[in-house]
Amino acid sequence: MKPVIVVHGGAGRIFKEREEGCRAGTVRAALQGYGVLKRGGSAVDAVEEAVQSMEDDPHFNAGCGSVLNEKGEVEMDAIIMDGKNLDSGAVSAVKCIANPVKLARLVMEKTKHMLLTDQGAHLFARAMGIPEIPGEKLVTERSRERWRKNLEPDFNPEDFQKDLGTVGAVAIDSEGNVACATSTGGLSNKLIGRVGDTPCIGSGGYADNHSGATSTTGHGESIMKVVLARLILYHMEQGMSPEVAADTALDYMKTRVGGLGGAIVVSKAGEWAARFSTKQMSWAAVKDDELHYGICAGEKHVKSLDEALVSASEGL
């Protein structure tokens with residue numbers, strides 16, 4: 001099986017000044033994840049690497065770029081899933097950790113549980129030797145400004161909620177195993193303890209070698225109502241291509257509950273898609289040593305892997 005990786009940097013509206021940074025960040029993540037696959041690494045290794053790259057990039061609403069809750073604090077969610085055996089690990093409402101996706105993988109591999117939250121996740125991280133960092137180190141000026149504006153009495157928070165940036169990755173490795181990972185800071189000015197779709201298996205992501213893998217992004221409450229990730233794979237199990245399955249599920253979410261979002265998908269045969277019903281979604285994919293990437297509907301750039309690696313080192 002030829003390895004494939006697809007990543008997304010979140011569906012919504014990406015403000016003009018952030019487009020290039022988001023485009024470069026998703027390309028960098030895809031190239032790093034693909035490098036893992038080319039070296040013989042597993043799909044799980046690859047999606048963790050790709051998502052960690054975006055958690056470390058302040059352009060995205062994950063890790064160090066996470067938005068703030070109503071108290072002005074960062075609370076993050078993440079999930080990872082192995083399609084080989086349906087093992088999954090997730091964390092929610094975690095603070096003071098640079099890479100929630102790494103903690104989610106430890107939940108998957110070191111516990112009998114699938115989801116740890118808040119204080120329990122914090123204690124587990126400490127037991128696993130995950131370093132704690134000051135919460136302020138995860139707060140960008142952009143997130144702080146967004147939080148302040150949302151507190152103004154006449155401000156419409158819906159405008160800023162559209163420019164978020166949950167991150168995710170899906171991959172298939174040379175052994176034919178698939179995996180997914182998703183990570184987010186959630187909604188700006190959310191209630192303390194609010195948990196969205198990201199860490200919920202079947203909503204924020206799902207991976208099964210029998211069908212494929214997907215990672216979702218968009219309005220979390222809508223995604224949970226239709227169990228979007230599992231719905232996409234269900235459609236693929238009925239014979240739809242990744243692209244048609246994603247579009248069908250996203251259309252259903254829009255008509256049934258009025259929710260917008262996006263998804264990246266890889267099938268068990270290595271077919272892939274990056275689809276969204278929002279205005280934009282930054283995404284990148286690598287297959288057959290060829291990079292594909294874009295942000296706006298209909299936008300698709302293609303480069304050879306060698307050219308892409310040079311461009312990434314210099315900036316797109």
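Yeah, the Cβs are placed from backbone N, Cα and C, and that goes for glycine too.
Because TrEMBL annotations are produced automatically, they should be read as predictions rather than curated entries.
The feature active site, nucleophile is assigned by TrEMBL to T166. What TrEMBL lists as substrate binding site is R194, V195, G196, D197, T217, G218, H219, G220.
Neighbour density at the Cβ, taken as the number of other Cβ atoms within 10 Å, is lowest among the binding-site residues D197, T217 for D197. When the alpha carbons of G218 (substrate binding site) and the residue listed as 'active site, nucleophile' are compared, the span between them is 8 angstrom. Comment: substrate site residues R194, V195, G196, D197, T217, G218, H219, G220; largest CA to CA distance 16 Å, whole number. Using a 10 Å radius centred on the Cβ of V195 (substrate binding site) and all shown protein chains, the other Cβ atoms total 19. Between the C-alpha atoms of V195 (substrate binding site) and T166 (active site, nucleophile), the distance comes to 13 Å. Take the Cα of the residue listed as 'active site, nucleophile' and measure to each of the binding-site residues R194, G196, D197, T217, G220: the nearest one is T217.
Its Cβ placed at the centre, T166 (active site, nucleophile) has 33 other Cβ atoms within 10 Å. Sparsest Cβ environment among the binding-site residues G196, G218 (other Cβ atoms counted within 10 Å): G196. Remark: of the binding-site residues R194, H219, G220, the most isolated position is R194 (fewest other Cβ atoms within 10 Å of its Cβ).
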